[in-house]
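Working notes, structure below.
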Protein chains: 2
Amino acid sequence: MTDPSWKYENFEPAGSAIGYRIVRKLDEVQSPFQKIEIYESTDWGNLMLIDGAMMLTTRDNFLYHEMMSHPALFTHPDPKQVVIIGGGDCGTLREVLKHPGVARAVQCDIDEQVTRMAEKHFPELCESNGDPRAELLFDDGIAYMAACAPGSLDIVIVDSTDPVGPAEGLFNKAFYESCFRALRDDGILVQQSESPLVLLDLILEMRGEMRKAGFNAFQTLPFPQPCYPTGWWSCTLARKSGGFGFREQDAADKSFETRYYSAGVHGAARVLPPFVAERLER
Amino acid sequence: MTDPSWKYENFEPAGSAIGYRIVRKLDEVQSPFQKIEIYESTDWGNLMLIDGAMMLTTRDNFLYHEMMSHPALFTHPDPKQVVIIGGGDCGTLREVLKHPGVARAVQCDIDEQVTRMAEKHFPELCESNGDPRAELLFDDGIAYMAACAPGSLDIVIVDSTDPVGPAEGLFNKAFYESCFRALRDDGILVQQSESPLVLLDLILEMRGEMRKAGFNAFQTLPFPQPCYPTGWWSCTLARKSGGFGFREQDAADKSFETRYYSAGVHGAARVLPPFVAERLER
């Protein structure tokens, strides 16, 4: 065994970096879309990097996966049909399937290798892949959403990499129009929306594109996520109309365990600090 | 001008690192206590490092300074006498002095060079140093607290570096006993309490020492802080008895501006995620 060394991700758009002390490289594959690397770290379990960007660690992925799923599912009155675009590590799928009312959850990631790597190195995230309600597709999410039957979905979760490379087309009006059409009137679109500290412009731009596609109500929820730049991340929810009151009692009485999400945390995440609120709400 | 390069802090206890893209080193001084370095960064303004550890950046220090001060000052019924132990960059002092009811705020940092460096490279943090209510001492905080008149203080804020080196003595029963004695019955002790994600053991240990010194009620408030390990940080409040209800209306009606703190954010920070609450409250 070699001595531990450090693996950094320099995040150029924000001029900041995140790093982990690693023991060794466990795996690497160059898929048709991107390079996926797996490292063993000294304190964070395994790490997955895609094209050099930290995607997840064993230790802290619960923050992201819980916040990408439960706020939306407890905001919708009765979510049954869920589609996840991206999300190849299967962690969001696992959280979605914890909701007993969900009848079907489709995960559509363009890169099968992400899921194969997750099965090997993050098996706990894949433990619901055999659920009869789960359907794993390895296909183009843009084409999948464009082909969805109108008004057939309750929730669309866009669990993608940053808006460069394969995921670029998941952050524009054309894609959001497909989501809008596929969602029922009370449906919810959720997307990871980067760091509210340094990338507020991106959140505003994303909301602008969603608005052009017909969405009229937005909610951005911040949460801690150490493996992403600045350690502070967010998801943004969009609806065709209406607000974001959530089923607080159902969330408090939920039949499954979560480590970060709770009814209280959901309510608390709705309170944006002044410097974020001023930019998003002006 | 040289090309930008990257400056990392490897945080050994958590096996994680934080880094910034820097333009150049602006200053460096070896004080009798520690090495202080100042860098200019491309996106975060100036950085201060002490013995290689990131202390603050121009861009994100408001998160820490606001959360180290306002929650305690809006929890106390009428804070007049405040002491800050450490805090040599003067950012916490500036926030404390925003409260018109504060009659006197003493900042006692062992290292005068921290303040001299802040005056040069973070002048905005020092803009209240000339306030007639401010008193800047450069002395041993442990000795200062031990010599304080009993029952003379409303708030003690321990704004120190990590519990190694010069700050080690600020995390134990003996020091907390001095704080306990110096505080009035309704007084509040506040201390930065590291990352709730990776250093829960340290928070528990700190609470244990505070309890041995006589404190009976505790509150840990998490907040984002990109320049500290994991990007998620916390402060811990301790009282002799009673709870942590706060002057919510006063906070909502406050006469000064804040960028992160608000009455809503204060309330939201009180909601701990399950994985933190389970450890701290068991």
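Note: Cβ is positioned from N, Cα and C throughout, glycine not excepted.
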From candidates A:Asp27, A:Asp89, A:Asp131, TrEMBL puts in the same spermidine site as A:His65, A:Asp159, A:Ser160, A:Thr161, A:Asp162 the residue A:Asp89
Longest inter-residue Cα distance for the spermidine binders A:His65, A:Asp89, A:Asp159, A:Ser160, A:Thr161, A:Asp162, rounded to the nearest angstrom, is 16
Cα-proximity to A:His65 (spermidine binding site), 10 Å cut-off, over recorded positions A:Gln34, A:Asp109, A:Asp140, A:Gly141, A:Asp159: A:Asp159
Listed binding-site residues A:Gln34, A:Asp109, A:Asp140, filtered to Cα within 10 Å of A:Asp159 (active site, proton acceptor): A:Asp109
For A:Asp109 (S-methyl-5'-thioadenosine binding site), the same-chain residues 6+ apart in sequence with C-beta under 8 angstroms from its C-beta are A:Ile85, A:Gly86, A:Gly87, A:Gly88, A:Thr115, A:Leu137, A:Phe138, A:Gly141
Distance [Cα-Cα, Å, rounded] between A:Ser160 (spermidine binding site) and A:Gln34 (S-methyl-5'-thioadenosine binding site): 13
